[in-house]
Amino acid sequence: MSAEAAESPGAAAERLKRNDSLYGDAEKVSNDKYHGSGGSWARTLMLAFQSIGVVYGDIGTSPLYVYSSTFPDGIRHPDDLLGVLSLILYTLILIPMLKYVFVVLHANDDGDGGTFALYSLISRYAKIRMIPDQQTEDTTLSNYSVDTRLRRAQWLKEKLESSNAAKIGLFTITILGTSMVMGDGTLTPAISVLSAVSGIREKAPNLTQLQVVWISVAILFVLFSVQRFGTDKVGYSFAPIISVWFLLIAGTGMYNLAVHDATILRAFNPMYIVQYFSRNGKEAWVSLGGVILCITGAEAMFADLGHFNIRAIQISFTCILFPSVALCYMGQAAYLRRFPENVADTFFKSIPEPMFWPVFVVAIMAAIIASQAMLSGAFAILSKALSLGCFPRVEVVHTSSKYEGQVYLPEVNFLIGAASVAVTMGFQTTANIGNAYGICVVTVFSITTHLMAVVMLLVWRTPAALVAAFYVVFGLAEFVYLSSILSKFADGGYLPFCFSLVLMGLMAAWHYVHVLRYWHEVDRAVPAAELGAVLARRDVRRVRGVGLLYSELVQGIPPVFQILVDKIPSVHAVFVFVSIKHLPVPRVAAPERLILRRVGPVNHRVFRCVARYGYTDTMEGHREFAAFLLDRLKVFVREEATFGDGVGSHSGRAQTAAAAVEQEQRFIDAEAARGVVYLMGEATVTAAAGSSWAKRVVVNNVYGFLRKNLRESHKALSIPKDQLLRVGVTYEI
């Protein structure tokens, strides 16, 4: 007897309801409006506290290196400090606070944020995805509500759906944003840890820069090793530490203001920005590349929203983050008014002597938190890219059974960790890394602005004047910063550009072949009407048990079925074509998970099952899924007989139908007890004869390499090899 026979389908389905996050704590989280602005104040304050440890490490440790990156050649005029401080304060107010905290956070996709959440939200309102797997039933999901009745929204919807250029453009900037977030996740640990460790040279001047680099590498190794424990555990352990960090930098800032120069508060007057630019010209424009580093990690507030809620982020930013870092920057500027020669190491030199070692130790831990903020966001965004078919399969570990969206990607963690160590050892100084860092930061900001403009028009139906104001104000500010950073392209800015270009190319190649393969199968699908002829062949026999044939097609019979029957002329007594489909919604409730249809007449006992998941849903294990499917299949048989045949009002026919339903349900149970076999096509994809050289490179080399070196389909679905039958097939596309 197989493993599937160890417990009845009904019992396993009930266990699925008890244990699957879709039914358990995660469902309670959604019902309590965990991701929105609702929920109890106690929970909101708890989440606000936890968010301090997960979200704000990066932006909170920026004072370690902002002034040194802004003034690499020293301070030329005392009032330049007023201009730069004013730029820092208003940059913090403009982009993280006004744009993200009070606007962008509200563009979440049912509680989830980030670049792919925006793309998913748009694709729910307009058919911009390039795989034609949309079904009418998808729009009936409880969280799939759309409304494009406004004439302008309908016009934009039609334009997006009819333009391939618009579809490709939206997809391209989405994967570019994902690539830049991955680059950010690589550079954040390098610059944060290295800048914190460099402070030890204040007390140990004989320590060489190379020794500082090796200490930083050791810390990075520990950082990437603890990622597997999950966001919730890391968040709770880091939140007290980062809270102490904010108290220390705020206290140090107030001390420096009181002791050195409280008149630096004049920087709240934006006229000092105008004077700074008129006095320094091009050099002031170039210095914006250092100023923008004060908001590194702001995107984490949106990317990590799935772990918290809007109100929690708003409270923690406005009440904790902003006052703390603003006081720190003002205190550093006050110190530099008296000691401008120490600008290269402003942070540690401005610390009062008795507080140096406590601040240094906490700075090291805060640098680790800075890295965690971007890593958790990178993992969350990449897991969404996986579910939408935009990235090769890698292992996704859901690290929390209580909170949705908290994931860890082992292979990606290893690659980012290795790249971060390489950057630290290769660049060796924070000034060099900072030149590369800013490009990732501002590019992600700009992409969010572009996608937000589409969301505001299509989803929110915001008046065009307000959309234009949003786009112009934030788009222009980000363009100015980006132009400044690009001036340092040759000094390290090329690194994230090249890294993102490679990653974006891999994602585009994977999705391109994925789409071509889907269309290839659609064109060669076996019509459902021909199923009877296949089963009626003299050499084809029905064997005992249940067969589940996995395919991406949601309609028609996949071509691999014909190949299977030709090679092994047998079909299981109960046979189900299973399609795993991810929808542009964060989650699909389990009662709405499956769409079941019968293929052919009743006596064939062949069915189609489309299993629908949101991009944050956890896929069940193979045993739980099979049990749940068979349990729902029996429900479908009963409902089909009751509603499909219209026999409810005819007692004689109703009794006959009830007997037939009971017989078929017993048959399904009996075959399930004999075992479940999983069937899957093992497709080798090659470029068709006559293809261009570029297509041959993408299909044969890039896609082939990724497919051979990353996880196979049955591993992603956790199907054991002893219950798996793979059918080899070659597609020339």
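Backbone N, Cα and C define each Cβ position, glycine as well.
Under the heading domain 'K+ potassium transporter integral membrane', TrEMBL lists 47-530.
Residues 59, 66-67, 70-71, 75, 264, 266-270, 272-273, 275-277, 279, 284, 287-288, 291-292, 294-295, 298-299, 301-302, 313-314, 317-318, 322, 325-326, 329-330, 333, 336-337, 340, 445, 449, 473-474, 477-478 of the same chain lie 6 or more positions beyond the ends of the transmembrane segment (81-102) yet place their CB under 8 Å from a CB of it. According to TrEMBL, the transmembrane segment annotation covers 81-102 (among others).
The transmembrane segment annotation in TrEMBL covers 168-187 (among others).
Summarising the annotation, TrEMBL assigns transmembrane segment to 207-226 (among others).
If you look at the transmembrane segment (238-258), the same-chain residues 6 or more away from its ends with a CB under 8 A from one of its CBs are 49-54, 56-57, 60-61, 63, 264-265, 320-321, 323-332, 334-335, 350-352, 355, 358-359, 362-363, 365-366, 368-369, 372. Per TrEMBL, transmembrane segment is recorded for 238-258 (among others).
Long-range contacts of the transmembrane segment (284-303) within its own chain (CB-CB distance under 8 A, at least 6 residues past either end) are made by residues 54-60, 62-63, 65-72, 83-84, 87-88, 91-92, 95-96, 100-101, 104-105, 108, 113-115, 181, 184, 188, 276-277, 313, 317, 325, 329, 370, 373-374, 376-378, 380-381, 434-435, 437-438, 441-442, 444-445, 448, 480-481, 483-485, 487-488. According to TrEMBL, the transmembrane segment annotation covers 284-303 (among others).
Residues 44-45, 48-49, 51-52, 55-56, 59-60, 62-63, 66-67, 81-82, 84-85, 88-89, 92, 96-97, 101, 243, 246-247, 249-250, 252-257, 259-262, 264-265, 267, 294, 301, 342, 346-347, 349-350 of the same chain sit 6 or more residues outside the transmembrane segment (315-335) yet have a Cβ under 8 Å from a Cβ within it. As annotated by TrEMBL, transmembrane segment applies to 315-335 (among others).
Annotation source TrEMBL lists transmembrane segment at 355-382 (among others).
Marked as transmembrane segment by TrEMBL: 412-430 (among others).
Residues annotated as transmembrane segment in TrEMBL: 436-459 (among others). Tertiary neighbourhood of the transmembrane segment (436-459): same-chain residues 95, 99, 103-104, 107, 115, 118-119, 121-122, 125-126, 148, 152-153, 156-157, 160, 170, 173-174, 176-177, 180-181, 183-184, 187-188, 191, 289, 292-293, 295-299, 302, 423, 427, 466-467, 470-471, 474-475, 478-479, 481-482, 485-486, 488, 492-497, 500, selected by CB-CB distance under 8 Å and a gap of 6+ residues from either end.
Taken from TrEMBL, the feature transmembrane segment applies to 466-487 (among others). Tertiary neighbourhood of the transmembrane segment (466-487): same-chain residues 94-95, 99, 103, 285-289, 291-292, 435, 438-439, 442-443, 445-446, 449-450, 452-453, 456-457, 493, selected by CB-CB distance under 8 Å and a gap of 6+ residues from either end.
The transmembrane segment annotation in TrEMBL covers 493-513 (among others).
According to TrEMBL, the feature domain 'K+ potassium transporter C-terminal' maps to 545-733.
Relative to the transmembrane segment (412-430), the listed stretch 207-226 leads the set 168-187, 207-226, 355-382, 493-513 in CB pairs under 8 A. Sequence-distant neighbours of the transmembrane segment (207-226) (same chain, 6+ residues past either end, Cβ-Cβ under 8 Å): 189-190, 193-194, 197-198, 200-201, 234, 364, 367-368, 371-372, 413-414, 416-417, 420-421, 424-425, 428-429. When Cβ-Cβ distances below 8 Å are used as the criterion, the transmembrane segment (168-187) is approached by residues 114-116, 118-119, 122, 128, 130, 160, 296-297, 299, 303, 374-375, 377-378, 381-382, 385, 390-391, 412, 416, 419-420, 423, 433, 436-437, 439-441, 443-444, 447-448, 450-451, 454, 495-496, 499-501, 503-504, 507-508, 511 of the same chain, each at least six residues removed from its ends.
Same-chain neighbours of the transmembrane segment (355-382): 53-61, 64, 112, 114-116, 178, 181-182, 184-185, 188-189, 192-193, 195-197, 199-200, 202-203, 219-220, 222-223, 227, 231, 234, 238, 241-242, 244-245, 248, 252, 297, 299-300, 303-304, 306-307, 347-348, 391, 405-409, 412-413, 416, 420, counting only residues six or more beyond its ends whose CB sits under 8 Å from a CB of the stretch.
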